[in-house]
Amino acid sequence: MKSAWALALACTLLLAASVTAEEVDVDATVEEDLGKSREGSRTDDEVVQREEEAIQLDGLNASQIKEIREKSEKFAFQAEVNRMMKLIINSLYKNKEIFLRELISNASDALDKIRLISLTDENALAGNEELTVKIKCDKEKNMLHVTDTGIGMTKEELIKNLGTIAKSGTSEFLNKMTEMQDDSQSTSELIGQFGVGFYSAFLVADRVIVTSKHNNDTQHIWESDSNEFSVIDDPRGNTLGRGTTITLVLKEEASDYLELDTVKNLVKKYSQFINFPIYVWSSKTETVEEPVEEEEAKEEKEETDDNEAAVEEEEEEKKPKTKKVEKTVWDWELMNDIKPIWQRPSKEVEEDEYKAFYKTFSKEHDDPMAYIHFTAEGEVTFKSILFVPNSAPRGLFDEYGSKKSDFIKLYVRRVFITDDFHDMMPKYLNFVKGVVDSDDLPLNVSRETLQQHKLLKVIRKKLVRKTLDMIKKIAEEKYNDTFWKEFGTNVKLGVIEDHSNRTRLAKLLRFQSSHHESNLTSLDQYVERMKEKQDKIYFMAGASRKEAESSPFVERLLKKGYEVIYLTEPVDEYCIQALPEFDGKRFQNVAKEGVKFEESEKSKESREALEKEFEPLLNWMKDKALKDKIEKAVLSQRLTQSPCALVASQYGWSGNMERIMKAQAYQTGKDISTNYYASQKKTFEINPRHPLIKDMLRRVKENEDDKTVSDLAVVLFETATLRSGYMLPDTKEYGDRIERMLRLSLNIDLDAKVEEEPEEPEDAAEEAEQDEEEVDADAEDSETQKESTDVKDEL
């Protein structure tokens, strides 16, 4: 019974399906242009409008081009233009890709003009209310189109602006608008030279076609192959509404500029911060719903289980049969969606916006350590945002000073000009990243020599001041733990190189000191902790903190409670030498002459008595024992535990500096032994309270010709040389002298020879060697025989 009922139901459904099929056009297909729509729900009018938009960007058809060339009015380029184009094509622009930057820049200028006119003329935008730049690649026709809805050009302007170089469309416009401007309105946005940058199109194009529509004229076409140009009324009439389309018929080797990715990357690289939206005609794959074909529906129904067929067919009747299909969709894609936040007041920009902009602009993943957003006014006006990265860029000091800095991008009226500067920022600030946008710099073909412009020096000066202000505001804990670790060397180099900002930079310096085992100290903090009558800032340089704090030069200073700054980096001593004073306090290298302490009258008398007592020893050292090695010998005020030290003059090299200079000389292959500073003799300071020195005084008084005492004096000198950070010129002689002193201390005769190893006759040596081999062989045979016996026993 149930089977009969199911069979009847199936027949009924099949009959209904056949009736439905008769009502549907079997030959109907999905509309070919459905994929042109971004959304399946878009209306036909929207699709048509967008397609017409694309067609307007296309090049002229063959018949129209033929008509243009037959009826067009021919013109010769001005002589200066011919020379300029040859200069551009052959040498001026080393990088061809900038042609797109120039064309977009010109489009932006044209949009600026019409926007300004529209403020006083409500009908100015009647032809086209959009203010945009649109770019379309046509691979089939080998054409690239750049369209703007700017002010456009009349026939006369096309001839004048694109055929001559003496008159610039933008500068003429600026002169005309001067009378119309209110005193409170800036005309700097209109500065530029349209006609010059335009010729860069011939870097990549064999032929350039300019279609332009001005509100006060009909639409015209300008065409050139760089030898001559022609102008004619556009036979298509007004297709633009208002604005200009530049069509480039690309050279064979420039076909890469028809690739969407290439064009998009160039727009983002050079023009992402233009004031007006820039669109590129782009494709992407989207999934759309399409009706299911009748044959597919039948196949699905046949595969359906008999027991569920009724239920499924009933559900399908309630909704249309569709399937998901991937389609290529073409539409305008916005390229410059990142707003130029430096154009907004800093109070209106959130911290998260700065961080997001930094990551996009610098291609970094981390947030910046610090940033500053400011507007500079005066001789030159510009807006800027500067950032300190969270970590030092890789290879920060590779080829320091010889490589360009890539981290400051210069814009002129939101148009990227270059980041290839050698002196936009000083070398020591080569880690700072940011943008500079000025309205006062020229935006024309001469930008390749822009870094010679006098206004850049003014910009540089202000950038440095603002950067130092930004660094100064970094919190103390973050500064010491992070900034100084990453960029401390840069600040020290700044003290050496930047005379005008040396005082500001000195306040940013941080060093280790005897005040704390691990914390860094600033010079301000050091001065605050100075003793009441202390008039100098004491420092000691060494290869490490341990070396510096164990130096004999700091003994008395530390004992008396003076704080000593430890310089442990190679650049540190250079840095301090470049800094004559800080807060009225001069620096004193404790490894050099000049360390003196306040002393009472009693202390002074005691010192003078000691000097008189040790005068024989001091004179003997200077005139006899160390005659060719030292400048003079004196009693030391800085030693407490060490017997002696070797002290450089105020203008000589300390031990640390000499080591650095020699290391540099080895790298460069130079010989510094004849250098004035290296060849200077040093002062030999002795500690009159040390037992070695006291005993030497006694021996010299007894017999100043004693060879042992002379050796002792030289050993003390050489030991002091090493402990003072210097290198010995002859280490073998030093070793021999130490050996003699050890012999004396152990009562070993100085002439005692080293016992020689007895030599065996060659024949005896060979016999002994043969005997050893025979013994080894006998032992091996014995061992083998024993192993064989053991095996037999086991068996």
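Any Cβ shown, glycine's included, is placed from N, Cα and C.
For Asn106 (ATP binding site), the number of other Cβ atoms no farther than 10 Å from its own Cβ, over all displayed protein chains, is 30. Here Swiss-Prot flags Asn106, Asp148, Asn161, Phe198 as ATP binding site.
If you look up Swiss-Prot, you'll see 783-795 marked as compositional bias 'Basic and acidic residues'.
Look at Swiss-Prot and you will find 289-322 (among others) tagged as region 'Disordered'.
The region 'Disordered' annotation in Swiss-Prot covers 751-795 (among others).
The feature signal peptide is assigned by Swiss-Prot to 1-21.
If you look up Swiss-Prot, you'll see Arg447 marked as site 'Important for ATP hydrolysis'.
Neighbour counts were taken as the number of other C-beta atoms within 10 angstroms of each residue's C-beta; across the binding-site residues Asp148, Phe198, the minimum falls on Phe198.
The Cβ of Asn161 (ATP binding site) has 25 neighbouring Cβ atoms from other residues within 10 Å, across all protein chains displayed. Asn106 (ATP binding site) carries a helical DSSP state (H, G or I).
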